[in-house]
Amino acid sequence: MNECHYDKHMDFFYNRSNTDTVDDWTGTKLVIVLCVGTFFCLFIFFSNSLVIAAVIKNRKFHFPFYYLLANLAAADFFAGIAYVFLMFNTGPVSKTLTVNRWFLRQGLLDSSLTASLTNLLVIAVERHMSIMRMRVHSNLTKKRVTLLILLVWAIAIFMGAVPTLGWNCLCNISACSSLAPIYSRSYLVFWTVSNLMAFLIMVVVYLRIYVYVKRKTNVLSPHTSGSISRRRTPMKLMKTVMTVLGAFVVCWTPGLVVLLLDGLNCRQCGVQHVKRWFLLLALLNSVVNPIIYSYKDEDMYGTMKKMICCFSQENPERRPSRIPSTVLSRSDTGSQYIEDSISQGAVCNKSTS
């Protein structure tokens, strides 16, 4: 029967995994990582709070897509909390942690990733429902959106708690990983592979929607008389969502690959030398998301700017490169326009034949 080590401190597990946490987290490297991490976290709290407040304040954003976007901002805000907790419980402090405190530290990080990933999956479903029906916004009710948001956080909390619930190596030291000394290598493989598969599924779904919208836009454009901005609205919205997805994949994939290599017990891969920099890269994702929202959406930018600078609502600054949310947020108007475009296109094709 294997001996369990619930009462041990983390120095016992770090020493067995040959992880030199003290040397790596002292001196210039530690100062750089902590300074950059602190700046990122402050920006995450500020910018994502603005996004959530903008969705609450501006009635143009009171639609399912923007509610889910606000929830993604909430997930990024939660990621900032997780990284702050990590910064206060890392370096030389890591070896003094109890098992339960270390589980909490890692569980917060795991939950933040799962919340963002699951939320992107829900947004993919919402976009698929609306675009395939040629509507700017889906017909999800507020009740259903609320249930989806609660489901996102329930899944995130559960995934973050799985190691604490028993999938760990406290009773089987030989199965412990190197980067996460009390996580089983089998759990790391499961967790990373499931996340990478979710990445792949999302990329395929969004590419399918993107190709569909692009094809429909090209077919309908010659037969419709609406403004260019309105004709291109579905494509612009898809480009915004795909930019968010692309940033998420780029920022998180390297870290997941490193964890997968550790789970596969790759001793020659040098995972210890890059883990902290890839962790900062993952943190960067929560930094760039609010920038993407404000850059791509004209009204989001205007609302956030007015909250910061107290500018007059009657004279918002215009930036033509962004999506006019007055078009995006009027679901019935946008949907009717697309439906009218389909009808006009059908009439033109019929008369031509």
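Note: Cβ is positioned from N, Cα and C throughout, glycine not excepted.
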Membrane-side pairing of K216 with R267, Swiss-Prot annotation: no
Listed residues N172, N349, with the one flagged N-linked glycosylation site by Swiss-Prot: N172
Same-chain residues at least 6 beyond the ends of the topological domain 'Extracellular' (168-186) whose Cβ lies under 8 Å from its Cβ atoms: 2-6, 10, 13-14, 16-19, 99, 102-103, 106, 258-259, 262-265, 271-272, 275
Residue pair N15 (N-linked glycosylation site), N172 (N-linked glycosylation site) - Cα distance, angstrom, rounded: 15
Packing count at C309 (S-palmitoyl cysteine) (other Cβ atoms within 10 Å of its Cβ): 9
Set of same-chain residues at least 6 away whose C-beta sits under 8 angstroms from N172 (N-linked glycosylation site): N2, S184
Cβ neighbour count (within 10 Å, all chains shown) around N15 (N-linked glycosylation site): 13
Segment-segment contact (the transmembrane segment (68-88); the transmembrane segment (147-167)) at 3 or more Cβ pairs under 8 Å: yes
Top partner of the transmembrane segment (187-207) among 32-52, 102-124, 147-167, 241-261, 277-297 - counted as Cβ pairs under 8 Å: 241-261
